[in-house]
Amino acid sequence: MKCFFPVLSCLAVLGVVSAQRQVTVQEGPLYRTESSHITIWCNVSGYQGPSEQNFQWSIYLPSAPEREVQIVSTVDSSFPYAIYTQRVRGGKIYVERIQGNSALLHITDLQARDAGEYECHTPNTDERYFGSYSAKMNLVVIPDSLQTTAVPQTLHKVEQDPLELSCEVATETVQHTHLSVSWLRQKGGENPVEVISLSRDFILHSSSEYAQRQSLGEVRLDKLGRSTFRLTIFHLQPSDQGEFYCEAAEWIQDPDGSWYAMTRKRSEGAVVNVQPTDKEFTVRLETDKRLHTVGEPVEFRCILEAQNIPDRYFAVSWAFNSSLIATMGPNAVPVLNSDFAHREAKGQLKVAKESDGVFVLKIYHLRQEDSGKYNCRVTEREKTVTGEFIDKESKRPKNIPIVVLPLKSSISVEVASNASVVLEGEDLHFSCTVRTVGRLQARFSVIWQLVDRQNRRSNVMWLDRDGTLQPGSAYWERSSYGGIQMEQVQPNSFSLGIFNSRKEDEGQYECHVTEWVRAVDGEWQIVGERRASTLVSITALETGFAVTAISRTPGVTYSDSFDLQCIIKPHYPARVPVSVTWRFQPVGTVEFHDLVTFTRDGGVQWGDKSSTFRTRTAIEKAESSNNVRLSISRASDTEAGKYQCVAELWRRNYNNTWTRLAERTSNLLEIRVLQPVTKLQVSKSKRTLTLVENRAIQLNCSVKSQTSPNSHFAVLWYVHKPSDADGKLILKTTHSSAFEYGTYAEEEGLRGRLQFERHVSGGLFSLTVQRAEVSDSGSYYCHVEEWLLSPNYAWYKLAEEVSGRTEVTVKQPDSRLKLSQVQGSLSVLETRQIQLECVVLNRTSVASQLLVEWFVWKPNHPEREVVAHLSRDATFHYGEQAAKNNLKGRLHAESPSSGVYRLFIQNVAVQDSGTYSCRVEEWLPSPSGVWYKRAEDTAGQTAVTVMRPDAALQVDTVVPNATVTEKAAFQLDCSILSRSSQDSRFAVAWYSLRTKGGGKRGSLGIDEQEEEEEEEDISQEEDSEDPTERTVLLSVGPDAVFGPEGSPWEGRLRFQRLSPLLYRLTVLEASPQDTGNYSCHVEEWLPSPQKEWYRLTEEESAPIGIRVLDTSSTLQSLICSNDALFYFVFFYPFPIFGILIITILLVRFKSRNSSKNSEGKNGVPLLWIKEPHLNYSPTCLEPPVLSIHPGAID
């Protein structure tokens, strides 16, 4: 707690220090129109003292920006200066409080002199000064130039007819403003109804009554031209009846972003009567005025509006304060009640039917008791068959009240003036007319008084009842110079004249008339007095005094003329002198100097530095205004710069002295001396050009129009490639016809191929690229610059334009290379020669060179291999296949005629087999001399098969068997019946053929061998292995080299070649073991083209049966040598034995079925019976083997 109060005190001090007064005012500048009602808000915050703050408004006029002129205050009624006192007191300027710290300044009738810088000040209520106490903003007052006009008319329409009304809306406001236009309909005293409107944001809108019809297109608002707005209602309805007028508002955007309607105007109305197509009718009551004096007449008109009124029946009744006055039936005969019938009889009242739809009530002499409400009622009647009338619908309008005032026996005074607002220096004329009722002998005394803006009253001049004039004390001097005059024009009319008025003459002029009547005793006495006044506003000459410099041509072309206008506002009469001085600031300088001055007495004075302007400048002052025009001819750069005019306003005093009232400086007017507007047009047409290389590319650049016949042109030629971002310069020709090659021409070596030409017509330029290449393809275009000669005789570039593009495609000649596609096959024997032909049927150019390549696809090899190729210069080259297959010495190429190429392969071998074809490349020379491959084609394929000779080797197969005795020799001949080639060689080998296991039986005879072969056939069915054993006796190779002798016969063999086709092998000292089959095997060998021997085929002779007889005979040999004995002993017992076994098994099977019927059903396997397998040999005496396999017998 001890620390709390010090801290609280510190916070309080800090709060006081931190709070400071802040005054804010509406952000300016604000643009408002004359005669409008404006408001400017002002807020104050951060203050101390009472919550309700006071506000004081002041203005700083443009004529004296440093001098404060006080306007109005919420605290001090004497705060306003004299210039504003009258308007403040009259309520035309006042301050409206919004809150205690916020207020609005109201100016109800804004004047041009109200423009300036406004300051809102709040008197201090703080303990000390801290913060801001005032804020300023600018107000600009502009003329109200909005005009809304329409043709006033009355239209009679029938329901469903279309309606079109037009309204002209125009404004001359310099500032950026928006217009809103609305069409409204008004019926009598009802509030207007919006038909359709165009907002300032260009949005169409209608009220709820017309919204649906607008959405359906029944109601439209169209803008025609710049200022005409047309309303269209396509199908009128009875509810559309009324007065149509358009209302326009001009909006401007304030600095805070909000829009403000500166002024609103409405046009004259068009009354539209819509006649319904049904039985409806309307009634309205009209009278001229509602306030009357006793004795005056009044007329009431009851107007009926309906269709076909003559064919219908209506009755009318009149009422006064709900009491019946009179009735009138369809026969138009009035019937009045007793009170009004008496007045009607005296001619003071009349009830009549003026026309079919108009009924009148007239009272010729009103009484005071006639004050009240009047009305009429119209009832439609229907006539029956009997002629009687039945009332139908009845309608009555609103009551019209009138007031009848009693007569006053007094004088009345009327004051009139020649103008309510005059310009300072103009004459003021006032008339005071006295109207009397009776008292023809009365006299009047008149006093003219002036009540100024500060409500101070002063006597100007008075006339007593005896006709004596006397000026007021303040007007003695002016009256002596004739500046103030008063006159009695008629007995009841008095005038006051003030000549060469001044600003201080402004105020309320009052005519005070006193009526004097002579009494019985002859004395004059006042019986009454009346006052009347009129307000006169005198606009100071300097009010709204402004100077504006304008030019219709702020930008002029070389050598042209231009006018400068110095507009003086307002429009002063000729009596008000204004001197005008034109000043000039050349381009690039900071000081102005006087060109010429038009003095107030009409003289002309030239400035010290205007010598260059005198010969080319004309100055003229308008007779009807003080506007001064400066005309300068033959414009050049020296006349470019900023111009300004200075005006001085003078006033002539009543004593013939002069006073300079104000000086105004206009806006800066910058005149730019411009180059001429270009008319350059370059042809934009696009072209597509396709040509074959070595031709010429013709590019045209056409100037369709030019600014001047003296124009020169610089032409730049560009090419754009797809790979480049921008075009590249090829060639430039300047306006002086000089040539410059671009980087592209240098890089691509185009200098020697470019040719530029300007045609005689002058507007066509051509660029030719000779000997076009494929690399010259691209998008070509020209860039044209137009050059003119300035007034200072210097060339300048006026404009430039790019032409349309020419898409150039340079292509190589179309390929016409074509080879023969004939497919072929070729079969040859080894060592022969083959010929492969490649025929060129067509080619692109006779100047082309051909490269011919032969290749081959080998079997089981997917890739092709080059055999050889013939280059473009006719040089023969071997391919990789030639090295592989040793073709280098066997290939030969020739071309017997143009387009025919042959490849010869000599001494062919089997490995040369394959599918052969040729490929031809056609090469052409480019325009630069470089050869390039233009096309290639592949010919039809030729299948080549290289075969070895057919095998024709035959060995004698008919060889007799032989039987020799033991120790004797036997011969094995090998006879070759035919051979495949005379160059062949033979390899011969003799074999001993024995069955496996045959060694146990020893050697067999010929017959035994045959039986053994049958046995071998049976055994082959049971065993897939070869049962024969081959043993080489002797072999002789194709190179005549002997192989080793077989061991059983080693040393017992003798070889002989009896002839080239007969070979003999002799086996000496035969033994029984030599018994058996023998054969000879012959191989035929041939030499390949590479001189290598290969085996062509082989052949084997038939077996030769050799039987070597043993000197001792056995039982076995006896049985085996006798077939009948052999079958009896070894074959017949076996079938008998088999049948016996089968019979036993069948008997046993049946006995088991009878004892065990369900055994098979219980899963016990049935008896499987296999025949016994017997192994026996029909060629030997070994006993047969009986085999019974497992499971054969249970």
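Backbone N, Cα and C define each Cβ position, glycine as well.
Taken from Swiss-Prot, the feature compositional bias 'Acidic residues' covers 1007-1026.
Annotation source Swiss-Prot lists domain 'Ig-like C2-type 1' at 20-138.
For the domain 'Ig-like C2-type 2' (143-262), the model's pLDDT averages out at 93. The domain 'Ig-like C2-type 2' annotation in Swiss-Prot covers 143-262.
Taken from Swiss-Prot, the feature domain 'Ig-like C2-type 3' covers 276-386.
According to Swiss-Prot, the feature domain 'Ig-like C2-type 4' maps to 401-539.
Taking H, G and I as helix, E and B as strand and the rest as coil, DSSP gives the domain 'Ig-like C2-type 5' (545-661) the counts 7 helix, 60 strand, 50 coil. Sequence annotations record features per position, and here Swiss-Prot assigns domain 'Ig-like C2-type 5' to 545-661.
What Swiss-Prot lists as domain 'Ig-like C2-type 6' is 676-803.
Mapped onto DSSP helix, strand and coil, the domain 'Ig-like C2-type 7' (813-945) counts 8 helix, 73 strand, 52 coil. Positions annotated as domain 'Ig-like C2-type 7' by Swiss-Prot: 813-945.
Feature annotation from Swiss-Prot assigns domain 'Ig-like C2-type 8' to 949-1097.
Sequence annotations record features per position, and here Swiss-Prot assigns signal peptide to 1-19 based on sequence analysis.
Annotation comment: Swiss-Prot describes 20-1124 as topological domain 'Extracellular', evidence class sequence analysis.
The topological domain 'Cytoplasmic' annotation in Swiss-Prot covers 1146-1194 and rests on sequence analysis.
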Secondary structure composition of the domain 'Ig-like C2-type 6' (676-803) [DSSP: H/G/I, E/B, coil]: 12 helix, 66 strand, 50 coil
Tally of DSSP helical, extended and coil residues in the domain 'Ig-like C2-type 2' (143-262): 11 helix, 62 strand, 47 coil
Composition by DSSP (helix, strand, coil) of residues within the domain 'Ig-like C2-type 4' (401-539): 11 helix, 82 strand, 46 coil
